[in-house]
Amino acid sequence: MRAKQMLATMSHEIRSPLSGVVSMAEILSTTKLDREQKQLLDVMLSSGDLVLQLINDILDLSKVESGVMKLEATKFRPREVVKHVLQTAAASLQKILTLEGHVADDVPIDVIGDVLRIRQILTNLISNAIKFTHEGKVGVKLYLVPEPPFAKEGSQHGSDGSTANQSTTSASKTESYTSTSKTSSDQNEFHGKKNEGLCQNNSHREPGTPVTNGTTDGSEEQVELPATTVWLRCDVYDTGIGIPENALPTLFKKYMQVSADHARKYGGTGLGLAICKQLVELMGGRLTVSSRVNCGSTFTFILPYKGSTSCDSSDDPDDLSDMVDHDAMDEDETAGFFQFLPRTLGSLFSSNGSSRTQKLMPHNIGYAKSHKLDGLSENCYSFPMNNGPPKEIDSAVQISSEPGSSISHSWDPDNKSWICSEKSQAVEMKINTSGPQLPPKRQKKPDVGSLSKLNGRQQVLKNSTTSKPKILLVEDSKINVMVAQSMLKQLGHTIDVVNNGAEAVCAVQKHGYDLVLMDVCMPVMDGLQATRLIRSFEETGNWDAAAKVGIEQDSSQPGHTSPTKRIPIIAMTANALSESADECYANGMDSFVSKPVTFQNLKECLEQYLG
Amino acid sequence: MDLVQLQRQLVDYKTSLYNEGFLDEQFTQLQELQDENNPDFVVEVVSLFFEDSERLLNELTKALEQQSVDFKRVDAHVHQLKGSSSSIGAQRVQKVCIAFRNYCEEQNIEGCVKCLQQVRHEYSLVKTKLESMFQLQQQILSAGGSIPM
């Protein structure tokens, strides 16, 4: 337990400077570099990312295991998620594989769940699939299923709005591009919207509406019908090397790889599946696998989602206008099929050096061509989102980057000719045309990036009601107070200062703080006890524990009203050893900064906890 | 001495303080906190440190002179001194405090008394040096120059 906490602690500490290194490298990559330099930089970035992934994995795992992980409830669009994840994977794909995604028609447009974790799981499973598949395809199938036997609560699985009821495995939505009646009705919409969508398209991320604390966005969708629970099953399948039967039982165990040879050959920490399993189960679902050696594997997870009662039909004008507010791409709302065929991007990127194309966001500047898919089935990515329903898959997937970057500009005009000229070639897609064999390219990075960015956004939303965060500094040494206060002032914060734990409890009783910096060793009452008392209030809604030790609440002043909101309490500890960190966590602290407090540590801490 | 020479002398002096371990990076942090809004920050903090340390050293002396030494109390004082010296970057003082605390834990009177002597010594050294440095800075400012950081 201690070792784990220490690992988590150190991982935190390691992550910050490592992020710094990676960020600097990213910036470097946008500067003028010769080929050798670009190659070197690519290796740096990939390696840095890998380590960051590792650290995030470790932190996630310890969070999940210690029960600290909080699940979000965000409204999101499953089709978008599937598409984005596949797109991202496709972008960094260095093998000749087809990536495909099928989302059944009866899957609701919007559902409510922890989109970040789901993305994480999906990304993990897909990158595993890709890792262990050398030819053929990797795909995702998403469909509605009836409530599985393992579900405890009797939740009704939903059909909302106009979707078909209770169709189970309508997973037979294969490579056929025949659209269903629903999507065909959207065709005109898509066409009409197409150019508009292209021009206005500035979205990068999940079009889901971030919500706080499980409450859903009070838009028109929520008005009449109560939310229902839908069970969605997701199969991530591949035509890869398969998993031997004897390896199946230990597959989801931590640090286990199928074999030592596998570990050597394929790398990885063996943490991914363990985390996925924990997360899925935390969300009330199940993760299973079936496989045949040399044939392929299918990883399946079934999860419950609260159905949002938003309309499925994109004809609904309310829905459309609502979408305009979000980073949504209206057109592809009901598109259920995506396929990414192997393709070269060749010279497209060489002019841009070590392009960070993996930082792909579904901001597609691509557009439609009018040729039918059949004619081009070898060579283009079907991307209904820009061009309409599956039936008319015309555009090539445009691996685009965030707006404003040179990549999008540079190949935009080239696009037309590119598509035409390379029609007959199906070549392995490479980002670095001339580079040496590099480690798996940043498959998770965009996800992590978007994860953290989305987190940041959600946090911003949470804080939007208060303009300035209220910080309480609890410190007995005048010198330390002076130094910390000056640092916080430079960071733009004004703070309240008290000199011991008892005063801290009183202060918290009177005001709501957004963050408490708590010295550990203090006279009268130390930081650990003060933290315990504050947590007790948060958990029970009353200050009885404090009263017991003699801290009377000032009855003339009403206390602040949200007892269940957990205040981040950061220890300032002179003892940087793991024992001290353990103690801090055990007493309810969220994190710590070691003394002497430096500007950078304080800054990062505030960024993390104040968003 | 002309301005440039003074400035160079200051830089050399500061560098030597770092090299000899009297000051560490934390002192640099303090300097970085000094700006137009806070033009005398370093001097203020350091002065506070001097005041506080002298009080603590007196308390320590008294506590160790007692018939029956209250090691918890001694340790509490040393802990404070350790904290404040580390906050301003007075590295050598901080290091002695660490050793001092070990002796407190062992309830070793001799060790404690020795450490007290040592800490007094280190404290007076760093105090003198910082005061010299401030004097130099003042000279530069009076001569119309700016402090090279």
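Backbone N, Cα and C atoms are what each Cβ position is placed from, and that goes for glycine too.
Under the heading compositional bias 'Polar residues', TrEMBL lists A:156-166. Per TrEMBL, compositional bias 'Low complexity' is recorded for A:167-185. Feature annotation from TrEMBL assigns domain 'Histidine kinase' to A:9-307. Feature annotation from TrEMBL assigns domain 'Response regulatory' to A:470-610. According to TrEMBL, the 4-aspartylphosphate annotation covers A:Asp519. What TrEMBL lists as region 'Disordered' is A:151-223, A:432-460.
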Taking only the residues in the domain 'Response regulatory' (A:470-610), give me the average pLDDT of this model. 86
Cβ distance under 8 Å to the residue listed as '4-aspartylphosphate', same chain, sequence separation 6 or more: which residues? A:Val474, A:Glu475, A:Asp476, A:Ser477, A:Asn480, A:Gly527, A:Ala571, A:Met572
According to DSSP, does A:Asp519 (4-aspartylphosphate) fall in a helix, a strand, or coil? strand
For a three-state summary based on DSSP, what are the helix, strand and coil counts in the domain 'Response regulatory' (A:470-610)? 63 helix, 22 strand, 56 coil
